[in-house]
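Per TrEMBL, the features are:
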- 3-123: domain 'CFA20' (DOMAIN)
- 142-194: domain 'CFA20' (DOMAIN)
- 714-1007: domain 'WDR90/POC16 second beta-propeller' (DOMAIN)
- 1545-1866: domain 'WDR90 4th beta-propeller' (DOMAIN)
- 247-270: region 'Disordered' (REGION)
- 1050-1070: region 'Disordered' (REGION)
- 1138-1167: region 'Disordered' (REGION)
- 703-744: repeat 'WD' (REPEAT)
- 1530-1570: repeat 'WD' (REPEAT)
- 1630-1660: repeat 'WD' (REPEAT)
Amino acid sequence: MSQLWQHPFVNLFKHFNISSWKKSTKEGEVSTVMDKTVKCTVYRITGSIPAGNYIQLPKTGSQSLGLTGRYFYLLFKPIPTKYFVVHIDVATHDNLVVRISFSNLFKEFKSTSTWLQFPFVCNASKGSIHALAAVGSKDHSGPAPMSTHWTILCLDFQYILSMYLNRKYSYIKGVRLCANMLVKNIFTSDLLYEPGMSFEQVKKSGGFPDGVAALPREMSFPVSRGERWQDLYDIIRFPNDASQKPFDSIQHSNLGGKKSESASGNTPRKVDIKKVDVSKCVTDRVSMIHNLTKGKQPRGKTFHVTSELPSVGVDDHVIQTDSREVHAFVDRDHDSIRFEEESRTMKHESISQIIPKKSTGHSLMPDPIIRLKRIVGFGGCTFREALWTLDGTMVVYPCHAIVVAMKINNGHQRFFIGHTDKVSCISMDGTSNLLASGQTGQLSVVRIWKFQSGECLALCKTHVHSLQNLSFSQKGNLLCGVGKDGQGRNMVVIWNTSKVTRSQEVTVMAKAHTDVDIIRMKVAAFDDTRMVSCGRDNIRLWRVKEGSLRSAPVNLGEHHMMEFSDVCFEAGYHSDKDPNDRLVYACSKSGHIFEIDIKKVSIHHVRRLLPTVSKSSKEKETFRSGIAINCLSVNEMFCVTGSDDGYLRLWPLDFAHVYLEAEHEGPVTAVDFTADGLKILAGTASGNLGILDVSTRSYTTVMRSHVDRIQCVAVDPYRKHIATVSNDRTIRVWDADTLQQLYDFSAQDDCPSTISYHPSRQIFACGFESGIVRVFNVQTTTMLAEHKQHRGKVTGLSFSPTGDYLYSCCSLGSLAQLDATSDRYPLLRLLGNTVARGEKYSPDALAVSPDGRRVAFVGPSEYTVTVVDAKTLEETLRIDITSLSTNQGARTSLDSALKVAYAPLNVNHLLVVTSNNKLLKFEGRTGRLLAEIDHIHRSGCTALSVTENGRHMATGGDKVIKIWDYSMKLDANFQVFIGHSENVSRVMFTPDGQGLLSVGEALYLWDFLATKPESPKEGREYREKNYFTAHAEKPFEHIKSPVRKSLGESFMDLPRRSPPRPTSVGSLGRIEDLSSIHKLSNEEDEDCVSITSEREEILVGPELRDQPKFHTKEKDDYNQVEIEENNSLMQPHIRYKSPIHTPIKKSAPSGRTPKKKQGSETPKPGAFKHFVQREKSFGMAQRRYTAPPNQAGLKLKAVIGYNGNGRSNMIWQPDTGVFAYTSGNIIILEDLNTSEQKHLAGHVEEISTIAMQNDCQVLASASGSFGMAGSQICIWDIHQLVCKKVLNHHEYDVVCLTYSRDDRFLISVGDFRDPTIVVWNTHSYGLLTTSRAAHPIHDLKWDPYTVNEFASVGQNGTVLFWLLDETSNNISLNVHEAELPDELFKTHHGGSRDPVEFTCLEYAGDSTLFIGSNNGNVSAWDTRHNSCFMHWEADSSEIDFLVCRGGQLLTGSKGRNLRMWSVVGVGEMRLPGDHNSMRNGGLTMEDEMNLDGSIVSLAFDDAMDMGIVGTSVGTLWYINWGERTSVRLVSGHKNKVNGLSVYENELLASCADDGGLRIWYINSREQVLQFQVKDQACTCLSFAPKSSGITSVPTNSQKPDKQVPYIVAGYSDGTVRMFDVNKVEMALKMHPHAVAVTAISFSSDGHMIISGGSDGLIAVSSPTTGMTVRVITDHKGTSITSIDVSNKQDQDMGISTPLLWLAASADRRVSVWSADWSKDFCELIDWLSFPAPAFTPDGSIIPKEDQVSFSRLPPSLAKFSPEEPDIIVYTGYGMNKQIQFYSLSQRKVVRTVALTHWSTSLDVVLDCPLVAVGANERLVKVVDYYEGSFQDFIGHNDSVQVVKFSQGGKFLLTASHSEIFVWEVTV
């Protein structure tokens, strides 16, 4: 709504009444003048200093304009010979304020993360002498010329922020116009305005394109009759399409003036060639390129139709052309790619074709198209930085320009990307919330990150260069950094970071310059103001005091000439210890370890580490050098050191002996302890990271890496191996899945330069700098062959695709061919002076065509590319690069070729990269130039690779990677990705097309997100197996039916992505599946067209109904069943069906959900998998009073329990650690490391299921309808914890939610009453299409191997295969119902058969789909034929969940079973022949595990090693198959919770209808104990009072170190049991009641147990003897609802009593008793009766003496007031909804507090003047005891039956059905 008033534009000067200067500010020489040109008053801003003369909007910097218009229009005129400056402050979506400045003072474009500076080029007036004089000038920057025009400057803020900073534009905050200029006005708008045309002219010409409008009158300049606007004024748009330099400058575009010109007639015009120039894209940005917007809009007519072909480059010659050539001529305003074609005649040179670039209006998608997955590397600038996180689960270390956080349990990596140079230092605060990283180089930058989210909070640029050290304080409020200033001196800077998380503000607290050397500096953990530093010849103590930084040198005495390498403070916090009474530990390169006394500023103790030598050598040696110690770390017990001898040593703090030591391959450069001191992280100079476990004394290497630049990479696709060669003289082989090092080949005397893997064998060839080519067998780690025919460095090496030949070339020009079929690899041919000389072509100087027929290379000179025959090496083609450029005049130097590469066979292109940063595309066979792309990288392209499908291309250069659309037909053809700190040596796509490898300073593995496997036109083809699969199996061939043929013709060249259809409309049949169930009826008839099937059913879309051929067949072969009506979302579909012999059900019509008829009731499905909402009686209160969050008296702290009634309502992502589950209508996000909970509250009803996007950014949850609340699907941003969207479509519950593989679509499925499938668009979450199934759907899954396909299973054996068809304007759903085999029918004794209910499904590789059923069977289906080919009995009960990973299948059943099956080779069962030959290990049960309830949700990792499983009893289990263990993560009650009791804010006891009594820790929510009584409900409970002496000492170390009292509980059978918590046993069992116990409590002294029953009898029993000593019958006949005891003695309330207790019954009577149990004294002192109407709250009459009717009334609840000694707080059913305060001394109700709802529970507590009340309407009320004001709190999903304060009112615990909420009391 805030944007509506800003449409269509905002006149800033008018809106802010600038003439009054009340809302704006003017400073300096600002005046108003009358301008004759624009004929109005304008503002003149002059002055010699622009910063002192300006107009500012708004008045102060703290205010904001809040203007959201995308385009900013400034109407101004620069003052001649003067400079001007304009500053515009804009805000981004993440509330970052960015200043955009432009001025003719600026010479070049500059940018930071918060400031963009654009040079403004002032053009002289057209036709003036100044304009003519400027022709040919190279530099137009500087002051404005003498003759200038009034100008409209249009800035596109959305483009600028997206392009230059990767930010999303939000609004304009402020504008400052500085001298010298004339300004008329400022406007903002979302429309792009075109000057020079009136609205009438626009209408006559057909209008502008969308988003473009004629310039409004307020914004326009006056134009006299007969004059043109473009001749009088200028319009400058930024960005524009001008190619003038300087780039990234704001200047007038020469093309802009011709935009509004209209051509007369169809006469062709000769136009200049315009090439695609991508050099204008900024590559030094923080992220990839986003949507590029054009600076100019195309006209209504895209191009002119030419009547004849004009001459191009010649005038008097006849040009003969091939009839296949296409010549098109378009206006120069339209983008084009230059193509060149050779003429058939010998007279002429090549001519140019201008083929229009197809404007799709889209950029390269998805965005981003690649995502960094893993980096193999450690160090780069330094090997000294490696840290633990606080929880000890992750290690943080730098890898060149990236900071990596890696989980040590699974190797998953997170990345902090943004540095532009190598990271030299990192530091974390003590809580692991903040991470600081600094980069080295000439521009040192410190970035401060929020560690959990990876968000960069701030940038600091105080140091000039060479930043070398950072240190955070313990709390993260201070950051210390050491670097160099401009004079090369060390500079220490202290930043205040206390506000960085809230406002991203970092200020310099203190700064000091020093000449002493500083290598290491650390901040003390016990005092943020103290630091210590060390360096060459010095150790200094530092302190920040009164804003200044001071230091004191440590008196080193005789050790003053020493190189110190590391320093740290003594660990541990001692509150009673003076900070000065601490030690500082330091180490040196000479092996010394120093203990320094802070108080004395001197050395306390010195020790030295010396090498061990023999006795003889010791006698000869007079001086021994120590072992250099590089690093040390200290905790409270140990000190760990790392030294140059490769040893990590663990010492006790007295350094008496070495406790542990571990030897490494290189010098140990970094060490760090975990917080618990049990693990030590070690980094080495050889690029390794390892972890030493102190407790087990085991060592684990978590990272190995090269220590020098990687030159080349190769992939073995069959064995998933990656091989790299590096300048560190090693060849390493890595596992492609884990990136763990497998093999290491080293050559000490030679350095490898290039490598190539054999296409099928486990062999690679490697070329070396000495010219030697060696061939290695990886498996045997042996060298097979060695050739020394080359004399120079091997620059190219490649196997042929068939593996028959090996080609190599060297830097001196020789080319060799080796026979790869022989194990000795003999030399076949050697050619000299063939390849261009030079090492710059390494490592991929050779390119072999995909068909293996040709080899291409640069040579024999750098200006030519030669193609030779792959077998004979005879030249077949030579291309001269220098003669190809059509822009001869612009060429300043000869162009030469740098790299060659072949595109895939389906493209058949030869790609050449040139020295002028061009990419040339040639036809692979003829060498014909097809396209030329300029400026692919600014400083040169160093690597190139094309995907196997020929759709995308990757290039490396400028330290970035670009991913291109290969066809170059988009508006934005590439995306840019940073991460490399050096130039990329090589890029290559993985063989499966799902990843990208890039090497340079390290090995980077990226996920390629654009992979969409093509679906065949018929059926489905075999999908690529896991990562790095070499070849896909050939798909089965199918006979093409007329229906399929018509589909193919309708969609032209688009691949069909639909499920299999019936083979023919005319002959309704299909080929039977070759499986163990279906056989061909006649195997000899292989030429048959179709085999008739009588069970087939087709759903045909409107595109087929419109074909005449189809209608002619319709009446002959089909019986039309029905025409399905639909809404505007979908085209209607017609379902055709053949005669049916077996009962196959047809689907219901598609469309919106129809309303049920009154009285019609759908029976509930019998499948346990189908979600059915738990029955409830009360809905959410429509009238409630909630306080703002900052004024709320309660804050939800934790939720105890998991909803076992949901289905798939738990999510766990092992890679990201996201763990979410539901309880009622709350979603809990829990951190498994810290157990911290976050809550998503927005649903009103019980959440049935949840789903998460694959990128783990968005979560969807669904709840059903009840009463006034409708069904809703909430879309959550899990990082911001906000609900982005609420979707309403379904009428009842939602049983399935699932995101597509690419996260573009979300599907929701309604329950059995409304089985509707709804497809949502996740971009806007608009409804795309719907379809209603004939039977309830139990499960639905997207096919992860194909595009837009999914399957669903449900009741009556329904298996449906769906296709989301996007090929037409109206998106529709096509469906195919699969045939059910006879073996899957249930056969009864009478011969009747019922199909099974399919309950779950799971896609596997190899075109296999597994489906589970309610009878325990699992069936395997062939997704290419949609047919079942086998089944087996996997369980004895209903199977509800399937998970398949690789060759393992996990089944989860209703019968509490988890079973792991090996299904290796199951896919072979579909093939004809003997199935007994299935591979070993196929279809066997490997393991089984039994849990405590039916499986309702599960999630496992990719390796199926571990997972989380939810059961129907409300438990979430952690499952570890390797260790065969199950650990309870989350516990909860299954049934209604009846009572809560709290002990000292630490322990919570709960009881429920399931007979369980459970003990919990309140803070951790961990279940400590559980006492279970079978077949009985636990109805009430109570802890014994602390002072009663009825306690026992706990033995478990985890329990509080204090006495825990007994717990007493009442049960539904009338028994009372007392439990000993610490001995975990029942201490006493009594049976004082014949009916259920309804209330229970210990007496205030703990000597008696008072219990009340449903019959009104109260029993007083002894906890020591178990005898009932007294029975009170005063309340007989009505149930006891509450019992309370008073803990106060000698109370002055008009009566004499030692102790009081009371009992309330359902008939609104309260009895108050005085008791002294030691004297067996108990007497009634007061009897209260509260009146009530003779009818229930719903209006029905209450019969007299009807005790049952009391159960329908709100309960009577009474409590002694802890605030006032003689007050009883009562609430119950009465004349009004209220709380009554009864005075025992005055014997009357002294005051009341009105309520809005009847109470179901009540509690008060000492030291907290609050009253807590629960209501049936799901509300928790908190009432002020004295004032009577109250607040309502929602979140519960049912009636709030219990409320209970903890001691002192710190927590409020509430229970609703099975869920328990822990609220923190904030008042």
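Just so you know, the numbers here start at 1 and follow the chain as drawn.
Any Cβ shown, glycine's included, is placed from N, Cα and C.
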State the mean pLDDT for the repeat 'WD' (1530-1570).
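Averaged over the repeat 'WD' (1530-1570), per-residue pLDDT gives 90.
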Going by DSSP assignments with H, G and I as helix and E and B as strand, what are the residue counts for the repeat 'WD' (703-744)?
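Summed by class, the stretch gives 0 helix, 24 strand, 18 coil.
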Would you list the DSSP helix, strand and coil counts for the residues of the domain 'CFA20' (3-123)?
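With helix first, then strand, then coil, the domain 'CFA20' (3-123) has 13 helix, 56 strand, 52 coil.
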By DSSP assignment, list the helix, strand and coil residue numbers for the repeat 'WD' (1630-1660), in that order.
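DSSP composition of the repeat 'WD' (1630-1660): 0 helix, 15 strand, 16 coil.
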Mind tallying the repeat 'WD' (1530-1570) by DSSP state, helix then strand then coil?
0 helix, 24 strand, 17 coil
Helix, strand, coil residue numbers for the domain 'CFA20' (142-194) per DSSP?
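Per DSSP, the residues of the domain 'CFA20' (142-194) fall into 9 helix, 28 strand, 16 coil.
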